[in-house]
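Heads up, the thing below is written out as C-alpha cells.
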Amino acid sequence: MDFDAIVIGGGHAGIEAALAISRLNFKTLMITQNLDTIGKLSCNPAIGGLAKGNMVREIDALGGEMGRIIDFSMIQFRVLNKSRGPAVQAPRAQADKLMYQTKAKETLERQDNLDLFQDTVVDFLLNSMRNEIEGVVTERGNKFRSSVVVLTTGTFLRGKIFIGEYRANMGRLAEFSAYGLDKTLLGLGFEMGRLKTGTPARIHRKSVDFSKTEVQFGDSDIIPFSFSNGKLDKSQLSCYVTYTNKRTHEIISENMHLSPLYSGEIVGNGPRYCPSIEDKIVKFKDKDRHQIFIEPEGFNTEEMYLNGLSSSLPENVQQKLINSIEGLEHAVITRPGYAVEYDYINPIELYPSLESKRVKGLFIAGQTNGSSGYEEAAAQGLMAGINAALRLQNKKPMILTRTSSYIGVLIDDLVTKGTKEPYRMFTSRAEHRLNLRHDTSDKRLIKIGYDLGLVDEERYSKYLFKKRRVEEIKELLKQRRLSLKDIADEQLKKHVNKDFYHILKDPSISLDNLIKIDPSLSDSKVILEQVELDIKYEGYINRQKDLIKKLHNLELVKLPFDFNYGIIEGLSREAREKFSKVQPATLAQASRIPGIRNTDITVLFIYFSNPKNKVVLNFSV
C-alpha cells in the first residue's frame with residue numbers, strides 16, 4: 001500500500017509528526033508496536049517544567065497537540081520558580097496518565113488523512129543507490145511505500161531493561177524491544193551508540209502515611225498550556241514531599257554491588273540531570289538527604305510515582321530502601337523501578353531540518369536522537385513532521401533559530417554538537433531566554449503555524465485580538481499621567497506627573513496599582529500579565545534584540561549541503577574535519593561547533609562572500 005508519509009513509533013515524537021503531516025493534507029501511516037500504548041507517559045506523570053513548559057507552549061503555538069492533551073488530562077497545575085524572574089518561570093502539570101494516553105490515541109484516530117497500524121518496522125525500502133527512502137518493511141512481511149519516513153523509536157530500539165540481576169529485551173517493563181532497524185541503520189553507516197534511562201518504583205496510595213509528609217498543593221489559577229483554551233477549572237490532586245535519610249543511604253551503599261549501573265553491565269550513559277538514587281548517593285556523598293516527590297498517577301488509580309527515587313537495584317532492596325523513608329514505612333510496591341538501555345543515533349548525522357544526511361527523505365526525532373523527555377521528543381516530532389511535509393511539497397525546510405524558540409535551541413544543540421548522554425532542555429541553554437518567556441510563545445511562533453496551515457483561522461484571529469489589545473493598553477498607559485489626586489499609595493508620590501507606562505518600570509509598582517487608579521485599564525489576566533512583563537523588562541529585551549540583530553547576519557549566510565571543506569584554503573585541519581562531518585546549514589551554526597575558532601569563521605565568511613562562490617539567504621525564523 002502507498003502513502004505519502006510513514007511515521008514509525010507512537011510516542012510523543014511520533015504523535016506530533018503524524019498529526020503535522022496529515023493535517024497538511026498528506027496521506028500518512030503511523031506504524032507502532034502496540035496501538036494501546038500510544039502516548040504513554042513511560043516515566044513521570046507530568047508535562048512541562050523549567051524550559052520544558054515553554055516548549056509545550058511553543059509546540060501549541062505552531063499547531064502541535066501536546067498542550068491540548070495535557071490541558072484535558074491535568075490533575076494538578078503549578079508555575080515553577082514563581083519567586084524568580086519571568087525568564088525562568090515555567091508551567092508544569094501532573095497528568096492523569098491513562099487519560100493523557102486515551103486522549104492522544106483518540107486525537108490520532110479522528111484525524112483525517114491518518115491511518116494507524118500495529119506492527120514492528122524491521123527494515124527500510126531504499127532506492128538502488130541506498131541513499132533515498134522509498135518505504136518500510138515490517139516484522140510480519142508487510143511492505144508500505146512512501147516518499148518520506150519519520151523514525152521515532154524511543155527506548156525500544158534494542159531496548160534492554162535491568163532490575164538487579166534480572167534482564168529482559170524490553171523498551172518498557174512488559175513491552176518487547178524492536179530489532180531489525182538497528183542492523184539497517186548500522187549498515188547504512190549511521191553513527192550509533194547506547195544510552196540509559198530509568199524509572200522509579202510505583203507504590204499503592206493506601207500504604208502511604210501522608211501525615212508524615214509535606215503536602216504540595218497545586219495553583220488555584222491555572223494557566224492553560226494551549227493558547228486555544230480559555231480559563232481552565234479543574235479538580236486537582238495533591239502531591240507530597242518526603243526525604244531519604246541516613247538509613248536509606250546505608251541500604252543503597254551496602255547493596256551497590258547489586259546495581260547493574262555499577263557492575264559494568266550498563267554501558268550507556270545515563271541522564272546527567274536526572275540521576276538514579278544510586279548515582280545520587282555516590283556523587284553527592286556530602287548530602288544527608290534527597291527530596292522525594294510522591295505524585296498521583298491519575299484520578300482512577302491508586303498508584304503513586306516516587307519522583308527522585310529511580311533505581312535498578314533488586315526488587316527486595318528497592319522495598320527496603322523505600323520502607324526506610326518517612327511516610328513510606330509500610331509502602332507496598334506495585335511496579336519496581338528499573339533501568340533501560342537502548343540504541344540511539346548521534347544527531348550530528350542530521351540536518352537542522354532533522355532529515356538524515358545519509359538517506360534522503362528519512363527524518364529522525366525524539367529519544368532516537370539522544371534527547372530525554374516527553375517535551376523534547378514532541379518538539380522534534382513536530383519539526384520533523386513539518387519538514388517532511390515541506391519536502392513533499394518541494395519547499396525549503398522550516399528551521400527555527402536559537403533566538404526564536406527553545407525548540408530552535410534544542411535542535412541546534414543536537415545537530416551541531418551531537419550528544420553522548422541523554423540531552424535535557426534547560427533555560428540556561430538559551431542565550432536569549434528573556435525573549436523566550438512561555439507567555440510570548442504565540443507572539444513568536446503562531447504566525448509560522450498559521451502560514452504553514454497548522455493553526456486555523458479561529459485560533460489566529462484570537463491571537464490577533466490579544467496582540468491588538470496588548471498594544472492598546474500600552475498606548476493608554478503612555479497617555480495617562482499620574483496626578484496628585486490619584487495618589488493613595490506612598491510609593492507613587494515620586495512618580496507625580498509621569499505617564500503610567502514609565503511608572504510601571506518601577507519594580508515596586510504593579511499594574512494592579514495603576515488599575516486601582518484607572519479601572520478602564522483592566523482586562524483579562526493573560527493580557528495584563530503580558531503588558532506588565534513587556535514594559536518592566538523592555539530595556540533588557542531591547543538589548544537582547546540588538547544582540548540578536550548582530551547575530552542575524554551570520555544566520556543569513558546559508559552554507560551548501562554536502563560541501564567539500566577541504567578545498568577552502570586557510571581553514572584549520574580541525575575546522576575542515578568538523579565542518580565536513582557536521583555540514584552546518586548556516587555560518588552561525590558553524591560558529592557554534594565545539595573547537596571552531598573565530599579565524600575559521602572569518603575564512604568561511606570571506607570564501608562565501610566571493611561572488612564566484614554561492615551565497616544563499618537562509619529564511620530561518
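Cβ coordinates come from backbone N, Cα and C, glycine included.
Record features (Swiss-Prot):
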type    : residues                                : note
BINDING : GLY9, GLY10, GLY11, HIS12, ALA13, GLY14 : FAD binding site
BINDING : 270-284                                 : NAD(+) binding site
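By the criterion of other Cβ atoms within 10 Å of the residue's own Cβ, the least surrounded of the binding-site residues ALA13, VAL282 is VAL282.
Around GLY10 (FAD binding site), the C-beta neighbours below 8 angstroms that are at least 6 residues distant in the chain are MET30, THR32, ASN34, LEU35, THR37, ILE38, GLY39, LEU108, LEU116. The sparsest Cβ neighbourhood within 10 Å, among the listed binding-site residues (GLY14, CYS274, GLU278), is found at CYS274. Counting other Cβ atoms within 10 Å of each Cβ, the lowest count among the binding-site residues HIS12, LYS280 belongs to LYS280.
LYS280 (NAD(+) binding site) falls within a helical segment according to DSSP. Same-chain neighbours of the FAD site beyond GLY9, GLY10, GLY11, HIS12, ALA13, GLY14, judged by a C-beta within 8 angstroms of the site's C-beta center, are, in sequence order, VAL7, ILE15, GLU16, ALA17, THR32, ILE38, GLY39, THR152, GLY154, GLY366, ALA377, GLY381. Counting every protein chain shown, 27 other Cβ atoms lie within 10 Å of the Cβ of SER276 (NAD(+) binding site). When the binding-site residues GLY9, GLY11, GLY270 are compared by the number of other C-beta atoms lying within 10 angstroms of their own C-beta, GLY270 comes out lowest. Counting every protein chain shown, the number of other Cβ atoms lying within 10 Å of the Cβ of PHE284 (NAD(+) binding site) is 12.
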